[in-house]
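J.: So TrEMBL lists the following for this protein:
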type: TRANSMEM; residues: B:12-33; note: transmembrane segment
type: TRANSMEM; residues: B:71-90; note: transmembrane segment
type: TRANSMEM; residues: B:140-163; note: transmembrane segment
type: TRANSMEM; residues: B:170-188; note: transmembrane segment
type: TRANSMEM; residues: B:217-240; note: transmembrane segment
type: TRANSMEM; residues: B:267-287; note: transmembrane segment
type: TRANSMEM; residues: B:293-312; note: transmembrane segment
type: TRANSMEM; residues: B:319-336; note: transmembrane segment
type: TRANSMEM; residues: B:356-384; note: transmembrane segment
Amino acid sequence: MNQALDLGLDALSLASIYFLAAIGLAITFGVMGVINMAHGEFIMMGAYTGYVVQQVVPDYTLSIIIALPLAFAVTFAAGVAMERLVIRHLYHRPLETLLATFGISVALQQIAKNIFGTQARPLTSPAWLDGAWVLNDVVSISYIRIAIFVLALIFLTLLLFVLNRTRLGLEVRAVTQNPRMAASMGINPDRINMLTFGLGSGIAGIAGVAIGLFAKVTSELGSDYIVQSFMTVVVGGVGNIWGTLAGATLIGFLQKGIEFFNPSNTLAAQTYMIIFIIIFIQFRPRGIIALKGRAAGD
Amino acid sequence: MKRSFIANNPSVLIFIACLGLFTLGVTLMSEAFGTAVISTSFVKTLGKTLCLCLVAIAMDLVWGYCGILSLGHFAFFGLGGYMIGMWLMYARTEQIVVASLANAEIPPTAQEVTDAIGNQIFGVVGGSDFPAIWAFADSLAIQLALVVLVPGLLALVFGWLAFRSRVTGVYLSILTQAMTLALSLYLFQNDSGLRGNNGLSGLQNIPGAEAIPQSEISIYFFWASALALLLGYLLAAWVVSGKFGSVVRGIRDDEARVRFLGYSVEGYKLFVFTLTAVIAGIAGALYYPQAGIINPAEIAPIASIYLAVWVAIGGRGRLYGAVIGAATVSLLSSWFTGGQAPSINLGFYTIDWVDWWLVLLGFSFVLVTLFAPKGIGGLFDYLVRKGDAK
């Protein structure tokens, strides 16, 4: 029982990490249909922003509070710049977006390597996040993981609110479904696309700070998450936030479950999980929560 | 009247001529058979480049002609390399073991020899028993067959599953990327039976050819690679010409319409996907004996994306484009990262190309995608059109 609870908590925290990493992608890929291979590098940029802030502001609590909005701002700007300069020209050629953004990803990764070097940089969490919440001998969970879980919840709520309850969300959904019709209703699709892409990228930056707190910050940080993030979005179902949540939960629990049976070998767990996903997509090619009707497009 | 294959494909003749001249030139400048202008290691680099051109042709066939952006073809390439590498490593270790046991007082039994080989090969990952997948490692013929069969079967099964459920476009790309990631993660494990992240090494030592210096072996492999590239090019040109090629291009341009015309789209796609996987496997089997080492990092998802990058830069949808792209980018890469490119001193900062080459490559790739979607090959079109206009 205790063991199951411990496993469940582990799985939940892994799911929230995947969710955080993938949620920005769910917006750019899921809502806009843009394959952004540089998404992982936005995560990395967020993590490095956190590191740089810690170099300037020595107080860890304060620096995290500064780093979160700053990371959002940096990656938001990067995302908007990328959308304006590159992706805008490729909306009708999705496969080429994949390649162009891959080029950006390679370049950004190398630039980060040139600036920060190849060794891992520390992103230290504040003291009050150290330690763990111990229920008993078996069940315990570190505060960082709880914080990430809470952060994931906040983002879920925030995004659902923005997309479903605000003017911006309405316009985003309108442009997603039919850009020309939206344009004739007085919405500027260019502006909306730019903002949506910036929003997705900005969230990646914040996810980067969160991930940096427990993982090593290297220039390859992003590429470790990119394939998993895409799979999370695809498994969950492209085009809505709930789908990403479902995908992240499924993948998180699945991976921890497989690890439970073969604890020594996380690589094997990942391998089997990917194989499972490949087979899963055979049966639900549109993901767990599939869009129906015209919005599904093709 | 039906026109001949060559008449329909004038570029094939030009390609054969260029490849022939190139091979001849390199041979005449090599250390083994010529004036020794080119070092043995550079001959190997050129031979490897030819193999990369071959896998680029495969990629062009599946992406440029059939519209499947597969991010898994470098995995097939790596699998081919692993298959030949198993034999190379086994046979070479066997020789060493037999030689070292020859002086023993009692002649070693077959079991002792096998155990010693196992110890040699798997000691590095803390094992000594041969995994089941090494069952045929002592037979060159079977491993050569596996070079074709393993990538082919994997592509067949994967492609059948994916195409059957109508996974298309970017979803298919992500799915193939997932397959590549799964494969490389699997191979990274120490108990995968293929020596984990150590990979297979010492592949440049060809068993039974110790007497032949590396300078000659490198030329033989160079010839073999050139021949394989030639055959691959001819096969690809033959496949894309004629009716079959038209259907394949039709699938690329409008899959649904081809399906409504009564063609079995899935069958065509599966055939192209499997065929190109086999070509990639053969290219890998030629590449890794020249590289000398193969490890799971070689087949990480990023390698397959680079493959797509080469084809895109060269110009997809034309076979010579793939060859040009792969050759240009991989040779430039090895030039820049080899530290031979001169650094640029900006006064306040020195651009060292070892560090900045990937940045340049990344951004130039963005520029190619944006402004020259037809790649370098599009340049030829432009020149030809200009020539016609005069």
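Quick reminder: no glycine exception, Cβ is built from N, Cα and C everywhere.
Heads up, TrEMBL stuff is auto-annotated, nobody curated it.
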J.: Restricting to the same chain and to residues at least six past its boundaries, which positions have a Cβ under 8 Å from a Cβ of the transmembrane segment (B:140-163)?
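T.: Result: 72, 76-77, 79-80, 83-84, 86-87, 91, 172, 175-176, 179, 265-266, 269-270, 273-274, 276-278, 280-282, 284-285.
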J.: Does the transmembrane segment (B:217-240) make contact with the transmembrane segment (B:267-287) through 3 or more Cβ pairs under 8 Å, each pair 6 or more apart in sequence?
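T.: The answer is yes, given that the two segments have at least 3 Cβ pairs within the 8 Å cut-off.
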J.: Counting only pairs 6 or more apart in sequence, are there at least 3 Cβ pairs under 8 Å between the transmembrane segment (B:267-287) and the transmembrane segment (B:356-384)?
T.: no
J.: With the transmembrane segment (B:71-90) as the reference, find which of B:170-188, B:293-312, B:356-384 contributes the most Cβ pairs under 8 Å.
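T.: Counting Cβ pairs under 8 Å, the winner is B:293-312.
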